[in-house]
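Participant: So that we are looking at the same thing, I have put the structure below in structure tokens.
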Amino acid sequence: MATFPAQRPRRLRRTPAVRRLVAEIRLHPADLILPVFVREGLTQPEPISSMPGVFQHTEKSLLQAADDAALLGLGGIMLFGIPSVRDAHGSAGLDPEGILNRSIAAVKERVGDALPVMSDLCLDEFTDHGHCGVLDDQGAVDNDRTLGLYARMAAVQAAAGADVVAPSGMMDGQVEVIRAALDDAGHQNVAILAYSAKYASAYYGPFREAVDSQLTGDRRQYQMDAANRTEAIKETELDLAEGADMVMVKPAGSYLDILSDVAEVADVPVSAYQVSGEYAMIEAAAANGWIDRRAVVLESLTAIRRAGATSVLTYYAAEAARWIREDQSPLRRSTTAEPHLSTEQPDHPRTPQPDDDAGFPPVS
């Protein structure tokens, strides 16, 4: 009897149950962080045309999205605020009663410690020029003047109830200044998730629509060049030395090599952001029937985790969490076809599903 081949790796691929047994990466809802946009003055959620299924939230529907995230066991919710009035210094981002800060407070009051409340710490949504800081006389972002505003912004977000602040502006020295500001204000327990390797990417296009960006020019003077790899390690090491509790790579899908590199050197949790352009491409291909939407979403998230991310910011977080729950039951009938999300405007997008341990009162 022939003995070749002695090793037969196919034995461990024979059935779904065996494959599940030996899987090196398992997605869990707690791996996923949901980015959410809340816009001042809206009376109903507003669809984002370039991101089908994603909405600008009202302050009311934001709370319902937070309920959903908490009940699904997501790893966190990341808040982005869109003010009704912008100025050159991003004053609305520093206002304790501004849209972002009052939304932080409302979500924190709503979910308590059931869901980490995370806040984007940057000025681009709040400036009338769309850049991540204040401009000098030549129209370039003034790094050091911007740091002072970041410090104030961090203290306000922490006072509102943020568990984690996430500086995304790629200013030199931002983590050190923010850590000092938080500590001086008595917020020693508020963590910093640093966007350490944030690239100047063409994949951000739909996000600009999502936050009604007023950007003039581009951000290549402060975000990283797509051609550079070793620079990501330098940026990460600087942020770690300045006190970052977590670090991030953005975007995720086209930067898995960077993510792997960062995960090798970082002794803290590493996040990656599956950005708006990545989401939009999946949605467009699925809408044309070119891909299996559910399978591609889960494969993409698995790849990001496999490359080294301990958590993933993704607009699919709530939906993927439901799929993961379904897949955890081998007796449940699985489907490969997932109906495309409706673009209708319900009372709130993606209503929380009934849950036997639901503990949140209805939003009034």
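From the backbone N, Cα and C atoms, a Cβ is placed for every residue, glycine too.
Pulled these from TrEMBL:
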type: ACT_SITE; residues: LYS198; note: active site, schiff-base intermediate with substrate
type: BINDING; residues: ARG208, ARG219; note: 5-aminolevulinate 1 binding site
type: BINDING; residues: GLU235; note: Mg(2+) binding site
type: ACT_SITE; residues: LYS250; note: active site, schiff-base intermediate with substrate
type: BINDING; residues: SER276, TYR315; note: 5-aminolevulinate 2 binding site
type: REGION; residues: 327-364; note: region 'Disordered'
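A description of the local structural setting of each listed feature is requested, covering burial, neighbours and distances.
Facilitator: DSSP assigns LYS198 (active site, schiff-base intermediate with substrate) to a strand. Long-range Cβ neighbours of LYS198 (active site, schiff-base intermediate with substrate) (same chain, at least 6 residues apart, Cβ-Cβ under 8 Å): SER168, MET170, GLN223, MET224, MET248, VAL249, LYS250.
There are 22 other CB atoms within 10 A of the CB of GLU235 (Mg(2+) binding site), with all protein chains counted. GLU235 (Mg(2+) binding site) carries a helical DSSP state (H, G or I).
Counting every protein chain shown, the Cβ of LYS250 (active site, schiff-base intermediate with substrate) has 25 other Cβ atoms within 10 Å.
Note: TYR315 (5-aminolevulinate 2 binding site) has non-local neighbours LEU34, PRO35, MET51, GLY53, VAL54, GLN274, SER276, TYR279, i.e. same-chain residues 6+ apart with C-beta under 8 A of its own C-beta. DSSP assigns TYR315 (5-aminolevulinate 2 binding site) to coil in the three-state reduction, outside any helix or strand.
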Participant: Specify the secondary structure state of LYS250 (active site, schiff-base intermediate with substrate) as given by DSSP, simplified to three classes.
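Facilitator: The residue in question, LYS250 (active site, schiff-base intermediate with substrate), is strand (DSSP, three-state).
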